[in-house]
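Visitor: Structure provided below as structure tokens; questions to follow.
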Amino acid sequence: MTRLLLRAFVLFLSPEMDVEGLKKYSALHPKPAGLTLQYGTAGFRSKAQQLEHVMFRMGMLAALRSRATGATIGVMVTASHNPEEDNGVKLVDPLGEMLHPSWEEYATQLANAEDQELQKIVTDICQKAAVNQQKDASVFIGRDTRPSSKELSQAVIDGISVLGGQYHDYGLVTTPQLHYMVCCQNTQGQYGKPTLEGYYQKLSKAFMELIKKSLSSGEAQRQLKIDCANGIGALKLAEMETYFPKEVQIQIYNDGTKEKLNHLCGADFVKVHQKPPKGLDMEPNESCCSFDGDADRIVYYYKDTAGHFHLIDGDKIATLISIFLKELLAKVGQTLKMAVVQTAYANGSSTCYLEETVQVPVHCVKTGVKHLHHKAQEFDVGIYFEANGHGTVLFSKAAENTIRQLAKEEKDDAKREAAKVLENMIDLINQTVGDAISDMLVIEAILALKGLTLQQWDALYTDFPSRLLKVQVADRQVIDTTDAERRAVTPPGLQEKIDALVKKYKLSRAFVRPSGTEDVVRVYAEADTQENADALAHEVSLAVYHLAGGKGAPPQPI
């Protein structure tokens, strides 16, 4: 009762910082002794019971960020593909993008401050970022289905309230849905309505427009089995199902009613283990896909008649979309600049196919969605996907305006029709962030329009065999990289050793990079056969172990 009265009291305070309120609230969400966390690409992630103080403080930071930008900011409570016991939080910037890097530093400072330092840190942030405490603050909140998420999102509300901010709690939503709402709100509805119904209506209308051609040509029903990782994706897909045409039949598996979130299922499990999720029975050549826990990643897969499992990952998704969009841009006769953005983890075979066969420029950037998104913004049409299935397509404002104008005014029928297809693709794609629901509909529409099966899509190119390993080290910072993390600068001699090892194998490459979250070094290798990829990865792991301060027993052969 006391806590509710306190919350009500704080809501009526002026936007000036209420020092007493801050002390009282901070005492409700104390920081555990000795805990240090770092805000990274995924925001903060940890065991749920360690995060209450972080949530409270990220509510405060969101209010400050809102005042600094004069816009609504999002706070998403999720730990994505992590185990159910974990949780996390990330902030969403005004156009639905990830938090600006300069504020990641403030997030880390605020999360790690001792309780008695909070007031000083908040004041410092206000001075450094020129935050006007008299301005209104507006925050949108969303959460995933973890047992801990409701209580933790309440701590976020406390943080917003203590600084006199306003909030709208969307409750259970996918991460991409919250990004979408924030963008809609800050574009005054130009991007869409900031409601779940608005999201469902915009996507389903564009999808219907796209597939009605394939349905009128008498194509059979589209059927898809979807593993929702026992997460939020199941709830939201079930809500959206009523908006789908009857010709599209989806079957939802791992809906969260029986098993734990992400346990032996979900996009990350399928990608890492190269096998179907628990709880989904696959018949030969059936179309299947998996979302991750917060529905911002998707991978497709099928089983052939011989019973072999085939994974279709983010690289192949980017390739399918690139082929389709390139054909459409050629039809409308516009010289719009299109490119694909990848990281060093993209399979070399996909890069070769895109550059040589599809003839689309490919750019490589450092690992992390923010780097991919930022690079993709440089083009009229920027396609980015990580191999793990997280990705989207960005259209520049100029390209979007040109396409919409052609769809309305172009006299040539073929050009106008192609422009209309592009316009519907723009509306179907969630440009704020990777979105499993949106990406699934984009893929289904392209497969229907091109009359492709999963097997035909998979056969576009064959992946080079690869192996990803990790080596425990005393300090991951001894490894520094360059050339989008494809070459090691330090420690001395490591890159020369890798170069010499790569020369031993055909069609091979290898790189090492420090993990962003733990003291391990990730080792990636490709070669002409799986045996050679495994051998190269092992030899590079040994080089890292000996030259970069390996811990424990040396890496063993695979």
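From the backbone N, Cα and C atoms, a Cβ is placed for every residue, glycine too.
If you look up TrEMBL, you'll see SER80 marked as active site, phosphoserine intermediate. According to TrEMBL, the feature Mg(2+) binding site maps to SER80, ASP292, ASP294, ASP296. Sequence annotations record features per position, and here TrEMBL assigns substrate binding site to GLU386, ALA387, ASN388, ARG513, PRO514, SER515, GLY516, THR517, ARG522. Taken from TrEMBL, the feature coiled coil applies to 404-431. Positions annotated as domain 'Alpha-D-phosphohexomutase alpha/beta/alpha' by TrEMBL: 67-116, 132-182. Residues or ranges marked as domain 'Phosphoacetylglucosamine mutase AMG1' in TrEMBL: 197-299, 313-451. As annotated by TrEMBL, domain 'Alpha-D-phosphohexomutase C-terminal' applies to 468-541. Here TrEMBL flags 1-21 as signal peptide.
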Visitor: What are the helix, strand and coil residue counts for the domain 'Alpha-D-phosphohexomutase alpha/beta/alpha' (67-116) according to DSSP?
Guide: 17 helix, 13 strand, 20 coil
Visitor: Which one, from the binding-site residues PRO514, GLY516, has the smallest tally of other C-beta atoms lying within 10 Å of its C-beta?
Guide: GLY516
Visitor: Across the domain 'Alpha-D-phosphohexomutase C-terminal' (468-541), what does the pLDDT come to on average, as a whole number?
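Guide: Its mean pLDDT is 95.
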Visitor: Name the one residue among SER80, GLU386, ASN388, PRO514, GLY516 whose Cα is closest in three-dimensional space to that of ASP294 (Mg(2+) binding site); these are the recorded positions.
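Guide: Given the candidates SER80, GLU386, ASN388, PRO514, GLY516, the nearest one is SER80.
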Visitor: May I ask for the distance between ARG522 (substrate binding site) and ASP296 (Mg(2+) binding site), taken between their Cα atoms and rounded to an integer number of Å?
Guide: 23
Visitor: Between PRO514 (substrate binding site) and the residue listed as 'active site, phosphoserine intermediate', what is the CA-CA distance rounded to a whole number of Å?
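Guide: That separation, Cα to Cα, works out to 21 Å.
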Visitor: Work through the recorded positions one by one (SER80, GLU386, ASN388) and name whichever has its CA nearest to the CA of ASP292 (Mg(2+) binding site).
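Guide: So, spelling it out, the nearest of the recorded positions is SER80.
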Visitor: Express the distance between the Cα positions of GLY516 (substrate binding site) and SER80 (active site, phosphoserine intermediate) as a whole number of Å.
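Guide: Counting only the Cα atoms, the answer is 16 Å.
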Visitor: With the residue listed as 'active site, phosphoserine intermediate' as the reference Cα, tell me which of the binding-site residues ASP296, GLU386, ASN388 is the closest one.
Guide: ASP296
Visitor: How many other Cβ atoms are found within 10 Å of the Cβ atom of GLU386 (substrate binding site), counting all protein chains shown?
Guide: 23
Visitor: Neighbours of the Mg(2+) site SER80, ASP292, ASP294, ASP296: Cβ within 8 Å of the Cβ centroid, same chain, sequence order.
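Guide: Residues close to the Mg(2+) site, other than SER80, ASP292, ASP294, ASP296: THR78, HIS81, THR174, THR175, GLY231, ALA267, PHE291, GLY293, ALA295, ARG297, HIS390, ALA436.
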Visitor: Can you grab the distance from GLU386 (substrate binding site) over to ASP296 (Mg(2+) binding site)? Cα atoms, rounded to a whole Å.
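Guide: About 12 Å separates the two Cα atoms.
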Visitor: Which chain-mates of ASP296 (Mg(2+) binding site) that are at least 6 residues away have a CB under 8 A from its CB, listed by sequence?
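Guide: Counting only residues 6 or more apart in sequence, the Cβ neighbours of ASP296 (Mg(2+) binding site) under 8 Å are SER80, THR174, THR175, PRO176, HIS390, VAL433, GLY434, ASP435, ALA436.
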